[in-house]
Amino acid sequence: MSFSRATLFDSPLLKPLVVLSHPSSVFPCKRFVIRPIPSLSPVVLLPTRPTQIVAKSSSVTVQPVSEDASEDHHQSKDVSGDSIRRRFLEFYASRGHKVLPSASLVPEDPTVLLTIAGMLQFKPVFLGKVPRQVPCATTSQRCIRTNDLENVGRTARHHTFFEMLGNFSFGDYFKKEAIRWAWELSTVEFGLPANRVWVSIYEDDDEAFEIWKNEVGVPVDRIKRMGEADNFWTSGPTGPCGPCSELYYDFYPERGCGDEVDLGDDSRFIEFYNLVFMQYNKTDDGLLEPLKQKNIDTGLGLERIAQILQKVPNNYETDLIYPIIAKVLELANLSYDSADDKAKTSLKVIADHMRAVVYLISDGVLPSNIGRGYVVRRLIRRAVRKGKSLGIHGDGKGAFLPIVAEKVIEMSTYIDSDVKTKAPRILEEIRQEELHFKKTLERGEKLLEQKLQEALSADKPCLSGKDAFILSDTYGFPVEITAEVAEERGVSIDMDGFDAEMENQRRQSQAAHNVVKLSVEDGDDITKDIADTEFLGYDSLSARAVVKSLLVGGKPVVRVSEGSEVEILLDRTPFYAESGGQIADHGFMYVNGSQEDDAVVEVSDVQKSLKIFVHKGIVKSGALEVGKEVEAAVDADLRQRAKVHHTATHLLQSALKKVVGQETSQAGSLVAFDRLRFDFNFNRPLHEGELEEIEGLINRWIGDATRLETKVLPLADAKQAGAIAMFGEKYDDEVRVVEVPGVSMELCGGTHVGNTAEIRAFKIISEQGIASGIRRIEAVAGEACIQYINSRDSQMKRLCSTLKVKAEDVTNRVENLLEELRTARKEASDLRSKAAVYRASVISNKAFTIGTSQTIRVLVESMEDTDSDSLKSAAEYLVSTLEEPVAVVLGSCPDQDKVSLVAAFSPGVVSLGVQAGKFIGSIAKLCGGGGGGKPSFAQAGGRKPENLSSALEKAQEELVATLSEKLG
């Protein structure tokens, strides 16, 4: 056997290896090079199975594995999850594949919310959009899927988070090699008994059948032909596609073979390896044309192969997940063997969800109410509920999920080495989200229980959509949680009713925001006789149009005259109606006729109900009638300001994604004439340096003078092209795409500049938090930016003139002035305190004594306009100088409508059970205020100076009575 070159492939997931290779057909990736692995010592990896590789001069062939292969062979090697991952990658690395790292769970592909498959990072290569960087590759990809969330924990193999092992060829090798290697990996490397492995192929894929039957040696009765739904992969309505071949493991081969065997029988089979043969291009008319470059895309589920090799009944009991379950068992004080099915389901859900949550937060996805953030929030909330059902109470702060997450992080070394470095942030995000939801849970559970009891009294228990909506809208109780709890109690939910309530709320919210009324008092909808308004505003700022309807106070009228506030419906308009965060155009409508028929209407708002535009304005002169033709003219200057701010908003979103992370997403916006406002999902304030970088990026893009491109595309095509869509928004089948080439591409119906140079300049005014996980940036651009800068410059000049310093010295001068002011205020305060103490020494002779055998000195006095701090100093002085025990109550009126009170009791008075804090509060109420403090000293205030005198009289009366009673 002659060998050519020794090849090393570098990956943090691989243990060191040296693979001896030779130029045979079984190794078609003929690009072997030496890649050193830093700090690792190589070991020689040689075939261990009996003559699985047979040398024939300069060729090597793969031999079929005999039917009597030992079922315990795979136990001779390490079958831990980490080892299986490493062995898979080593196997394909030794066959010329470049080991590449897992992509982020936040994909670059805009058509999917999260990374759902190993091939996703290679999709642009498969679609021919970018050139291949390597001829073939292998990965262990972190994935998230939430489409079967309700099955997690209930079945043996459903998960939200899982790892997909894959090997990929980009026009390098194809079907024969992919099939041979999949078989060799399964039966030789992993040692699966050949008689337990079944194969499915596409019903028309005779080539795959021949390879499996004649070259690999799989018996015909274990090769199943299946239809397009199961075994044909497509990338979309058109584009690359091809047949699939899947490998299944048979847990019960004794049940026999035959046509009646169903590979979909989960009690007998598990699909563990899927091979996609990308060999066709599907044309617009549905024809399949052979691809010039045929590709391979495969996926082997790590958790599934671990279940098989570790011989456990489900994926959850593998070493990939069970240690997490063990931690939950410890918190719940349970044993796995004694737990019932319901408890086991809860244990599995918590373990699964925390794996997903930890890796999502590590990749920058934070809990929120939209998009990826809502996936994290929903998983955390489900885990909290399952923990509650297990009786877990949590740590000292009331949270238990961070304890579980610590175990996930501990096990993350070979999955994602970055997780441990991000652990503090991950744990804090989970803790905050759990504690926040527990408050929500307490509020909602009481009402939900009441509604479920009511529903259970019916013949067919069903929770109304309205009740589910109230729980969600008013109590913040997610409908998914409501559905789960209801299902546990045998109650269904009217989801159609819930959806209707949600849609009604959305419509009402829009109506309240837009204040559009298109009905008359008798309830008739006038829009039934009005055609949709044709919008001309993208191309023109003025147009001739016909008045189709007039409304005054919601009532239809035929004619309006000067001074009338009116709503006008036209057949066509250049006016942009408020939508998508952009405010409406302003402008005028003119009627030109005889002198008597001339009219001018000033338009100050335009709203939209469905596709009918409602122009709101005031008739400035003349009269306007239904049926008249008007010249509708938009204020060009204000339109330009809106266009500038709208395009700047798109640039801002792109800059935010570049600077703080792709996980940020829009949560709202306002595009006005004088400013823009952009709300986005993020968990902390932006640093000054980040804001400067964002500003710099945007102003650089403005200076690039890039011409914008707008086009109308089918929604699917727009998303496929990478256009950003607002998560949760509903779009028509065809959408408008606004692109700043190389910078931004969004679905948007707003108005925009033609070239970024029109924006001129961009400046951030403020950045602040407006809700949990939501930040807001306000900024100005274009003419508004120039005005803002000029205004600030003018203010700076006045400041320099006043302070008599240069602009660069203003900060130091102001700091010095503030320090001088603080010093002066302290000196003044000290003087006031000294004055108050002096006045206190003067009035100290007014103190009187109560008691006989035991006496207490009492002083209750007004100190006129003494401020509260000085009043405190005076009281402290009196208690320290008058003979112990002593009780002092002082009052003053430092300002108009302000009362200050203080009570100071010595230890001897407090020992009798008389407390200053409790005493002064009742006195302050007489002055329209309140207060309290410690037993020995308390302060209070009020708003009724006119009551101070009577309040002090009352204080003396009650104090004397109380102390006398205590003295006996």
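Glycine too: its Cβ is placed from the backbone N, Cα and C atoms.
Annotations in TrEMBL come from automatic prediction, not curation.
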Item to complete: Among 205-239, 485-519, 660-694, 800-834, indicate the range for which TrEMBL gives the feature coiled coil.
Response: 800-834
Worksheet entry | Number of Cβ atoms other than its own within 10 Å, given for His752 (Zn(2+) binding site) | 25
Worksheet entry | Env. residues of Zn(2+) site, Cβ within 8 Å of mean position of His646, His650, Cys748, His752 Cβ | Lys643, Thr647, Thr649, Val671, Val738, Glu746, Gly750, Thr751
Worksheet item: Within 10 Å of the Cβ of His646 (Zn(2+) binding site), how many other Cβ atoms can be counted across all chains shown?
Response: 24
Fill in: Listed in sequence order, residues with CB under 8 A of His650 (Zn(2+) binding site) and six or more positions away
Val738, Val740, Ser744, Glu746, Cys748, His752
Discussion item. Is it possible to get the count of other C-beta atoms within 10 angstroms of the C-beta of Cys748 (Zn(2+) binding site)?
Written reply: 25
